[in-house]
């Protein structure tokens, strides 16, 4: 608007920046702020930040994912961003998939403008369902899951494999009761090629298919990940609980016997009360052999999905577990960091030296590039994606670097959690007033200090681990959470060892 008449002449620097500078997206550089005004930060990852933005010409709100170009240090990373945008364009316009508005590149960043999905995550919706009609049923779960599988079906029909399906990558379009659930993140997605399999380890812990760990896979991995989501929707916990303790800065080569053998627990609560047809569908989706796995189209035709899911309430323990599963990562990461701060030089042995060797510029923190080079020196053959996942796992405060304490907390041996003196020090950190109990306010303060949570998370954590219902967590309850929580490691590691 108003750019055709009366605009000021181009300067020499404009001409250089717009015409001569090599671009990543292959189109002229453009100032996105000519078209959009930026507002609050909506979310942040290690390699990009999503902002609320408003289109100047219409006043309509969108989400904008901005990726600093300095984080795209390799051709592989640049191609990945281009592929993400191409795939979003390719699948845009379909139900249950976020709509892309446009992409821009300036001197500093690449910007992806997309539909704003302001209705919250899956678990938020389930909370709302419980509050609106006092219970959550298999029928509710089937309605939610239908949208997830439909997104997978669309991707596969358009020759796209998502590769990173998880609850966090789905958002509701609005707060309306009938809002549509949409897949929002295609950063790991690739095109399917006839007869070609993929080798690179991608995806997120809990949702990764066994063939990904074995190094040869196809689109069937999306069915596995969706099956894990359904298991969580019906029980509140994932079927294969490989947590943050299994991903340390020494390796990302996880070999988890439980995943590879596909052992499913249908005996513990609430499974005896869940319908046979629901368990039958999960079994079809979490079949070890990819070629025997049910397709997305057939999932949608399964009897449980076609209005046969019971409408009776699921045990309240399921909702309780979901809240725990969502909030536990943050508190346990923070507690591990507190324990790491209290370890002696003797206890951490060679970890300090390893950190110093990786911290090439002696800044006191390890950048992505330093982590990548350090792992290479130790003989690691990790891909760019795998190094990124390590970075995300170890970077507790989400500032894009790993400081010394974060490094120690990610690499220290987990038997430290068995020692009472370490657990007590961590407990004392949260117990600010020395009362012998941790309150919601104390959890909230600790998590806010590290930029790791909000009041809702703190309240959920207190309620889930407060076994005697006094509104506080005592020391015994804290130890139980740390030692026996859902993030207890169950796999083993191969690769580099410290």
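Glycine residues also receive a Cβ, built from the backbone N, Cα and C atoms like all the rest.
Annotation source Swiss-Prot lists N-myristoyl glycine at 2, citing sequence analysis.
According to Swiss-Prot, the domain 'Protein kinase' annotation covers 36-305.
Under a cutoff of 8 A between CB atoms, and with a sequence separation of 6+ in the same chain, the neighbours of residue 44 (ATP binding site) are 50, 398. Per Swiss-Prot, ATP binding site is recorded for 42, 43, 44, 45, 46, 47, 48, 49, 50, 65.
Positions annotated as active site, proton acceptor by Swiss-Prot, on the basis of sequence analysis: 164. Cβ neighbour count for residue 164 (active site, proton acceptor) (all protein chains, 10 Å cutoff from its Cβ): 22. Under the DSSP three-state reduction, residue 164 (active site, proton acceptor) is assigned to coil, being neither helix nor strand.
Marked as phosphoserine by Swiss-Prot: 204. Look at residue 204 (phosphoserine): DSSP puts it in coil.
Sequence annotations record features per position, and here Swiss-Prot assigns domain 'EF-hand 1' to 346-381.
The Cβ of residue 365 (Ca(2+) 1 binding site) lies under 8 Å from the Cβ of 359, 401, 402, 403, 404, each on the same chain and at least six residues away in sequence. Summarising the annotation, Swiss-Prot assigns Ca(2+) 1 binding site to 359, 361, 363, 365, 370 and lists sequence analysis as the type of evidence.
Here Swiss-Prot flags 382-417 as domain 'EF-hand 2'. Summed and averaged per residue, pLDDT over the domain 'EF-hand 2' (382-417) gives 71.
Secondary structure at residue 395 (Ca(2+) 2 binding site), as computed by DSSP, is coil. According to Swiss-Prot, the feature Ca(2+) 2 binding site maps to 395, 397, 399, 401, 406, an assignment based on sequence analysis.
Taken from Swiss-Prot, the feature domain 'EF-hand 3' covers 418-453.
Taking all protein chains in view, 20 other C-beta atoms sit within 10 angstroms of the C-beta of residue 442 (Ca(2+) 3 binding site). Positions annotated as Ca(2+) 3 binding site by Swiss-Prot, on the basis of sequence analysis: 431, 433, 435, 437, 442.
What Swiss-Prot records for 454-488 is domain 'EF-hand 4', and it gives sequence analysis as the kind of evidence.
According to DSSP, residue 468 (Ca(2+) 4 binding site) sits in a coil region rather than a helix or strand. Here Swiss-Prot flags 466, 468, 470, 472, 477 as Ca(2+) 4 binding site.
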Quiz item: Going by C-alpha distance, which of the binding-site residues 48, 395, 477 is nearest to residue 435 (Ca(2+) 3 binding site)?
Solution: 477
Quiz item: If H, G and I count as helix, E and B as strand, and all else as coil, what does DSSP give for residue 406 (Ca(2+) 2 binding site)?
Solution: helix
Quiz item: Nearest to residue 431 (Ca(2+) 3 binding site) in three-dimensional space, by Cα, is which of the binding-site residues 470, 472, 477?
Solution: 472
Practice problem: Return the residue, from the listed recorded positions 204, 435, 468, with the maximum count of other C-beta atoms within 10 angstroms of its C-beta. | Solution: 204
Exercise. Have a look at the binding-site residues (370, 395, 433) and report the one with the fewest Cβ neighbours inside 10 Å.
Key: 433
Practice problem: Note the Cβ centroid of 431, 433, 435, 437, 442, the recorded Ca(2+) 3 site, then list each other residue of that chain whose Cβ lies within 8 Å of it, in sequence. | Solution: 430, 432, 434, 436, 438, 439, 472
Quiz item: Tell me, which binding-site residues from 363, 399, 468, 472 are within 10 Å of residue 437 (Ca(2+) 3 binding site) if we use the C-alpha atoms?
Solution: 472
